[in-house]
């Protein structure tokens, strides 16, 4: 039986068949489909955009003509009446300027000026004008700036790593439904804006209201202890509540009620001071301790 002879095709014909289209080609849709960045890449891009906006933010502090003081005062009043309105403006800012954080430093500048005036008033009231520099350092640098930087960084990191939605449905697994889902991250500057908003209410209660009630609050009576510690407890609880509202306003975060957990600790400390006073006679009056620390001879 004769074996079939191998059939060879000319090289030109083979090349022509390859050009005709025997090889599968990628569709135009798959080739033009956008490639979404990874989570780590999106985090780096968000940090870069936030940091690149900071020089302009600081530059506007020099020229007060670029500050919208009227809008800033309106936001401060809104924080006292309806804090949600302040964060609604952040949502509108995202729609128009594609950023959640303020681009106007007027709120931070006015807040620092208020702290300077309050520090001066406290030193005059306690006749400790020589301690003005120390009090300004504690109020502005330590409490407002350094503590604010720490809290802002901590909340920003926790929100981006534990509370951020990675898909529209909130699951970690991607699918065909979230092909065009744009992943968002919390801006660090927005976290600092939240600190400034929350600190403003704390400032009003601890630095302003306490200033007018200090003769009553630093007494050794049980009523003074209740009033003083209630004032501090409400101030701290308001700080965490406004922080919670700020992160709850971001639609790409979930489980933001975790920012309310510190309020439980505040309530526990407040109740423990009352129990210790009633049962053991131990006095932990935060107003008296604060006055002794800052203004003791």
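Heads up, the Cβ atoms here are built off N, Cα and C, so glycines get one too.
Those TrEMBL annotations? Automatic predictions, nothing curated.
Summarising the annotation, TrEMBL assigns transmembrane segment to 106-125, 132-157, 198-218, 230-253, 259-280.
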When counting Cβ pairs under 8 Å to the transmembrane segment (230-253), the leader among 106-125, 132-157, 198-218, 259-280: 198-218
Chain residues outside the transmembrane segment (106-125) and at least six past its termini with a C-beta under 8 angstroms from it: 61, 67-69, 71-73, 75-76, 131-132, 135-136, 139-140, 144, 193, 196-197, 199-200, 203, 207-208, 211, 214, 294-295
